[in-house]
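Listed features, source TrEMBL:
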type	residues	note
BINDING	Ile10, Gly11, Ala12, Gly13, Ser14, Met15, Ala73, Val74, Lys75, Pro76	NADP(+) binding site
DOMAIN	6-102	domain 'Pyrroline-5-carboxylate reductase catalytic N-terminal'
DOMAIN	165-269	domain 'Pyrroline-5-carboxylate reductase dimerisation'
Amino acid sequence: MLKEKKIGLIGAGSMAASILAGLTEKGEILPQNIALINRCNQKRLQELTQLYGLNEENNKPERILEADIVILAVKPKDVAEVLKCWGNRFRQGQLIISVIAGISTSFLESGLKEKLAVIRVMPNTSCAVGLSATAVCSGKWVRPEDMEIACHIFSAIGSVFVVQEEMMDAVTGLSGSGPAYFYYMVEALESAGVHAGLSAAAARDLTVQTLLGAAQMLVKTGKEASQLRREVTSPGGTTMAGLEVLSRYRFDEAVIQAVLRAKERSREMGRDFASSR
C-alpha cells in the first residue's frame, strides 16, 4: 500500500523517529521515498537520516511539497509556525497526518489554503518499541482510503483504534499519558522493594517482569482485570493486605482524577491554540 508513496515528515523528535523506525524496519516504505525536515536541530536531522538510510538530498522543503503524505510531528508550541510556513504551500491531493497533541483537525484545516484531508493521530511513547496504543480520527475532507493509509502507517508502530474526534482528549488522558502513570507506579514499587530489603537491581527486575506478566495475562486470557485481581487475592492473604492499603489511600480515585485532569489539559491546549488564531 505504501511502497510507492512519498512521505514527508516535518519534525525530527522522538515521535518522528519512532514512525521512521516502524516504516523502514518493516519494509512498509522505501527509505529513498522519505523526506525529513527539522527547523532548528540539523544534527538531529543528520542522525535520523543516517540511522534509517534516508537520502539526504530529499531533506528539502520542495520534497515535502512533492510528498503524497505529510506527517506533522512537531511540538504543540510550534504548530502555528508550521501552518504559517506551510499552510499556503501544501497542494491539493496531499494527505496531512498530525501527531500533535491537543490540536484539532478543524484548527489545522483553518490554517490550510486547500481543502485537504487532515487526520489526527494520538500515539504514545511505546511506539518506540512498536507497542503504541494509537487513536486515529478524521477531519472534514477525509476519504475512507485516507483513513486506511493512516491506519496502515501507524499499525507499523503498534495497535490502532479509530475514534470520533470528540474522544481524542479522553484518549490523550488515558493512553497518550498512560505510559507515565505506569512508570510512576513502577518507581513506587521499586522504592517499596528497596524499603523491604531488596537491592535496587532486584527490585527493578522483579517489578518490570511483574508488569510484563500482568499485561500478558490480560492479553492472553481475555479476562477482565477485576477477575484476574480476584483470582490472586486470597481472603486474609498478603495480596488482600496490600490492596486494602491501596484502597485506604484511594488509589483508584487518584488514577481516575489523573486521567480526567490530563484529558482536561488536552482540551485546554486545544482551546488556547484556537483562541490564538
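Quick reminder: no glycine exception, Cβ is built from N, Cα and C everywhere.
Everything TrEMBL records as a feature, shown here on the structure.
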residue : record               : contacts (Cβ under 8 Å, 6+ apart)
Ile10   : NADP(+) binding site : Ile37, Asn38, Ile64, Val70, Ile71, Leu72, Ala73, Val74, Val82, Trp86
Ala12   : NADP(+) binding site : Leu36, Ile37, Asn38, Asn41, Arg44, Leu45, Leu48, Ala73
Ser14   : NADP(+) binding site : Thr125, Ala128
Lys75   : NADP(+) binding site : Gly11, Gly13, Ile100
Inset, instruction - State the mean pLDDT for the domain 'Pyrroline-5-carboxylate reductase dimerisation' (165-269). - result: 97
Inset, instruction - Based on DSSP, name the secondary structure state of Ile10 (NADP(+) binding site): helix, strand or coil. - result: strand
Legend entry - DSSP-derived class (H/G/I helix, E/B strand, else coil) of Ala73 (NADP(+) binding site): coil
Legend entry - Most distant Cα pair in Å, residues Ile10, Gly11, Ala12, Gly13, Ser14, Met15, Ala73, Val74, Lys75, Pro76 binding NADP(+): 14
Legend entry - Secondary structure content, the domain 'Pyrroline-5-carboxylate reductase dimerisation' (165-269) (per DSSP, counts of residues): 89 helix, 0 strand, 16 coil
